[in-house]
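First up is the structure itself, then whatever we jot down about it.
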Amino acid sequence: LQTRLQAGQGYGNTLNCVLTVYRNESVAGFFKGMSFPLASIAVYSSVVFGVFSNTQRLLSQLRHGDPARSPVLADVALASVVTGFVSVGIGTPVDLVKIRLQMQTQPYVKANVKLKPTVPGFPMYRGPIHCFRTVLQKEGIAGIYRGVGAMLLRDVPGYCLYFIPYTFFCGWITPDGCISPNPSSIWLAGGIAGAISWGTATPMDVVKSRLQADGVYLNKYKGTLDCILQSYQNEGLKVFFRGVTVNAVRGFPMSSAMFLGYELSLKAMKRDQTETNP
């Protein structure tokens, strides 16, 4: 839904998008492009949380000589920035394949434009591997990383507004005297952080989606700035908030599960280390 609302044609609102997708493509339409993200999400999440936690420990070691010391706000912010940069290297190709698969059957309405041989409305890619290989062969590495600038502008501040609110809310919700937050505090703080991060990241998410969807049948945008200017000139400021409701709503349960899994896994590993090394 997010991709269709941000880069598609003819969807008035979220409900209209749901009904249109279901009417035209049945339930299968809601799961297009899911296989590639599903196959890579474990690696992606491991890298994101691994880079964040290890950067925090490194900063605590450099500043205070103790990697186990609780990080200050500046350390959390810097670790978030580093995480954002690293995540883009993995996330951009995955997002590109997902969006190309989701958008390849969307009609493109544009006068006097010479389209590629594939006719809009018919699949151009047979699956994620075929999509990745086709883009790589025709457009090279630059094609695989199309939209990387917009993704950097989305993810670097986005991860700051992901980990900083989580750290703040976890500390605020956790009762005094507790060494670590309980699962309910982690779940709530993670959900709030996810909703904030995805909600505020929506404008650049729109630009990224449009850049990555662009190129299935024609290349409309020359780059990030050109996409911003064309989108604003044609549709006004409101275009940058397309899909904000979907982003915020999905951000809560997704982030709750991510942070809960992360924190519980850390606790389990620390407990195992304590038991094996008394």
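Placed from the backbone N, Cα and C atoms, the Cβ positions cover glycine too.
The annotation repeat 'Solcar' is assigned in TrEMBL to 1-58 (among others).
Marked as repeat 'Solcar' by TrEMBL: 71-172 (among others).
Helix first, then strand, then coil: DSSP counts for the repeat 'Solcar' (181-268) stand at 73 helix, 0 strand, 15 coil. Taken from TrEMBL, the feature repeat 'Solcar' applies to 181-268 (among others).
TrEMBL lists 34-52 (among others) with the feature transmembrane segment.
Residues annotated as transmembrane segment in TrEMBL: 72-94 (among others). Only residues 6 or more beyond the boundaries of the transmembrane segment (72-94), in the same chain, are considered here, and those with a CB under 8 A from a CB of the stretch are 36-37, 40, 43-44, 47-48, 51-53, 55-56, 59-60, 63, 132, 144-148, 151-152, 155-160, 162-164, 167.
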Worksheet entry | Whole-number mean of pLDDT values that fall within the repeat 'Solcar' (181-268) | 89
Worksheet, complete the sentence: What DSSP reports for the repeat 'Solcar' (71-172) is 73 helix, 0 strand, 29 coil
